[in-house]
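Written below as structure tokens is the structure these notes are about.
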Amino acid sequence: MQGRGRLPRLAFLSQCHRSLYASLSVNKNRLAAISNITSISHHNLPTYHFQICSFRVSAYRMSTPPPPTQLLFHHDASLATHTTTLLTITPFSSLPAPDQSLFKSPPTNAFVLTFPSTIFHPQGGGQPSDEGHITLTYPPSVAFSVISARHSITNPSQVLHLGFFAPSVPPPDERPLFTPGDQITQTINANLRNYHSRLHTAGHVLGSAVRHLLESQIEDFDELKASHFPDSAACEFRGLIDSKWKEPIQEKVNEFLAAKMPVEVEWWDEEDFRREGLERLIPRGKDGEVVKPENTDGGRWRVVRIVGAEVYPCGGTHVERTDLCGEVRVRKVGRGKGCSRVGYGVVPGLEG
């Protein structure tokens with residue numbers, strides 16, 4: 001083993017250990033398991049090296065997917081602060097490419113954080129992302145500003161929180177100021193959340209109003225999808241809706257708002273949809289197969305019921321009664337390719 005071009009036995013083992021640790025960040029138990037192989041001679045060194053390589057492969061295979069993020073707003077949308085534990089903090093540049101594609105124009109030195117639970121609503125279902133900030137719980141630290149939350153593409157049950165540390169206190173050497181395992185406090189922008197909730201509930205009120213007025217008037221009528229973004233809020237329907245219906249739709253919307261209809265969250269399985277005569281609302285993919293819900297208790301779908309009007313499978317946030325939407329204005333009715341799009345908006349400034 002002392003011949004030219006060969007490492008001494010112990011040096012070779014040490015180099016293997018260092019290489020393995022650097023490539024895998026394995027824990028002490030795994031290294032100890034390898035170190036237990038003490039009897040070795042020159043003719044079986046290649047075998048030992050093969051065993052290390054095999055261990056490296058199996059270690060990657062043994063890695064488990066990250067735990068799903070519990071969506072606390074599904075159960076209590078009034079939560080504005082929440083204390084939890086930091087699972088991971090990753091520089092944006094180190095994210096897998098599919099996850100990087102979720103975020104447009106991330107700030108310099110952006111990081112992505114994950115947690116076992118969150119009060120941040122990730123963009124999706126037609127609703128924009130929450131914004132807010134995150135601090136260490138004890139002691140309170142400089143804030144990490146969250147500017148966007150999205151469901152991961154590589155791990156769909158996990159929520160990614162994109163943001164940056166306060167510019168006045170840049171991370172030293174671009175290293176994060178938080179460490180996995182830290183207890184942190186999440187705080188959302190409650191005014192922005194309420195605005196988004198008003199828009200989302202108003203979209204369901206509009207959809208209910210159009211269905212009540214036109215379901216029997218338009219052949220093959222159905223509500224297709226909706227956007228609840230402030231600058232592009234609209235509901236789309238199958239069938240052509242004449243512009244003459246704009247005022248009746250506005251009147252029906254006003255009626256539903258004035259009725260102060262409760263907005264309730266329920267959890268349904270397939271049988272619940274069938275029992276309510278709403279099998280058409282069971283979420284399905286493009287292939288027609290039922291799409292099972294993720295990040296939910298008991299594998300059931302979350303549905304939002306506007307009592308006296310309509311039921312929607314929905315993962316978004318809402319106000320508690322229809323009148324809390326404030327003034328809702330029906331805008332342009334557009335038509336094309338057998339479908340119609342009814343725009344709407346809510347009057348901002350009611351967030352206090």
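Sequential numbering from 1, following the chain as shown.
Cβ coordinates are placed from backbone N, Cα and C, and glycine is handled just like the others.
Among the features that TrEMBL reports, domain 'Threonyl/alanyl tRNA synthetase SAD' is placed at 302-340. Same-chain residues lying 6+ beyond the ends of the domain 'Threonyl/alanyl tRNA synthetase SAD' (302-340) with a Cβ under 8 Å from its Cβ atoms: 71, 73-74, 77, 121, 124-127, 193-194, 196-198, 200-202, 204-208, 211-212, 224, 228, 234, 236-243, 245-246, 249-250, 253-254, 256-268, 276, 278, 281-283, 293, 296, 346-347, 350.
With helix defined as DSSP H, G or I and strand as E or B, the domain 'Threonyl/alanyl tRNA synthetase SAD' (302-340) counts 4 helix, 21 strand, 14 coil.
For the domain 'Threonyl/alanyl tRNA synthetase SAD' (302-340), the model's pLDDT averages out at 95.
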